[in-house]
Structures are given as C-alpha cells and as structure tokens.
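Take a look at the structure below.
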Amino acid sequence: MYSSIVFLIFFTIGTFMINICLADCDNLQDTCPAAPPEKQTIFINGLPCKNPSTISSPDFKTTKLTKPGDTKNYMRSSTKIVTASDFAGLNTLGLSIARTDLEVDGLVMPHFHPRASETFFVEKGTILAGFIDTKSNVFQDVLNEGDVIVFPKGLLHFCFNFGFDVATAFSVLNCQNPGVVSISGAMIEPDRDVDTLGRLVKSLISLSKHNMLERHSNYQNVTLPKFPGLLDG
C-alpha cells in the first residue's frame, strides 16, 4: 500500500513537470522585459529580466515591423521575425511576431518552427498559403485581406503571392523563440534548381485551383507531388 502511494505521488509530480515543459514558462510577475545582452551576467533557458526600476513604456513597443523588408532577392520575399531578444517586452509572454512581404510572384519556401504554431494574417494583397503534414498532404487556400490561416507546430508551411500587387502579412507565434528550419539552401540550390522551384510553384497553384473546385462539397486535402531533392527524405 505504501509503495503504491509513493508511486502515485511520483507519477503525479512527473506528469505535472511534463506539462510544464510543453510550453513556455508562465511569468511570475506583471512584466519582465529582457535585459540587454551586454548587461546579462548569467545564461539561462530564456532571458533574464531587466532591473524593475528601469522598466518603462518603450520596453513594450517596437517599430521593427513598421517598414517592408528587402524583397530584392531570388525568392522576391522577406520575412522578419521579432523575438524577445529583439523586443524586450515579449520576454516571458510566450509570443513572437513576424512580418512577411511578397513581391509579385514572391515565394516563402517551405519551412517550419520547431517550437511554435503560427497564426498568419493577410494585411494586404492576395496570398496562397498552406502547410504540409507528415504524409505529404497539402492543406492550403487563397487568402484575401483580413483572412487568417493557422500553421500547426512543427509542420512545413509556405506562402506565395497569388495576386498582381505586393502582399503583406503579419504573424503571431506562440513562443518567444520559435526557431526556423527551412529547406531552402539545405535541400535546394536556387541557382541550380530553378526548374524544381518552378514546378513547385506551378503545383501549388494547380492544387489551389483544385481546392476551389471542391468548395461546394466537403473539403478534401490533396497530396503534393514528389520533387527530387525537395521533399524526399
């Protein structure tokens, strides 16, 4: 009987600790803006708070997403993620924010965030966005201004400018340090895989048209064709 009680106590504590590890830690005070890196004297899993006597309103405001990013690149796109390291007021809140800018035909290659899910809000333009599950099924749709899509944690997701003008989207991620893992560069060399990228874009557009035809029936997911060097493991 005694051993059963001891086991139950340890099992309960273990379960509680596992739940704690599944998300960012809750804040234990009203605010905890991150201390500037040059003033950090200890290294922890997260960021230490600045001196409470020095906290002020500017700690909770950022202008880092005010201006469009540089889209003069091969992908014709720019994504800026602001974490607690860049925006002190986010510290302990379990949040990051991001801005994505897409020129006409701009593409953000499939990537994932190992520590966060993402809500993606279209502020301007028309964007084709979606995610790929572990069975290579694609769930995507065309988003207009004001539309929102959710990208589940750890799944590859992407977006493509589906309109005839520049497009802008803002995101919120549920981790103050979501991380980014992209297949661009790691599995594709843009200068040598132009054809692969072109076929990927054409496939995404084709799948989008297929989804539109299914609008008046039950939604059905589709499967992304295999591209050598892209999704093959």
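Cβ atoms here come from the backbone N, Cα and C positions, even for glycine.
Database features (TrEMBL):
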SIGNAL    1-23  signal peptide
DISULFID  C32-C49  disulfide bond
DOMAIN    63-189  domain 'Cupin type-1'
BINDING   H111, H113, E118, H157  Mn(2+) binding site
BINDING   H113, E118  oxalate binding site
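Structure coloured by features recorded in TrEMBL.
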| residue | record | Cβ neighbours (10 Å) |
| --- | --- | --- |
| C32 | disulfide bond | 23 |
| C49 | disulfide bond | 18 |
| H111 | Mn(2+) binding site | 16 |
| H113 | Mn(2+) binding site | 25 |
| E118 | Mn(2+) binding site | 23 |
| H157 | Mn(2+) binding site | 21 |
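The residues near the Mn(2+) site, meaning same-chain residues not in H111, H113, E118, H157 whose C-beta sits within 8 angstroms of the mean position of the site's C-beta atoms, are F112, A116, F131, F151, L155, L156, L173, P178, V180, in sequence order.
When DSSP labels each residue, the domain 'Cupin type-1' (63-189) comes out as 3 helix, 60 strand, 64 coil, counted as helix, strand and coil in that order. In this structure the C-alpha atoms belonging to E118 (Mn(2+) binding site) and C32 (disulfide bond) are separated by 23 Å.
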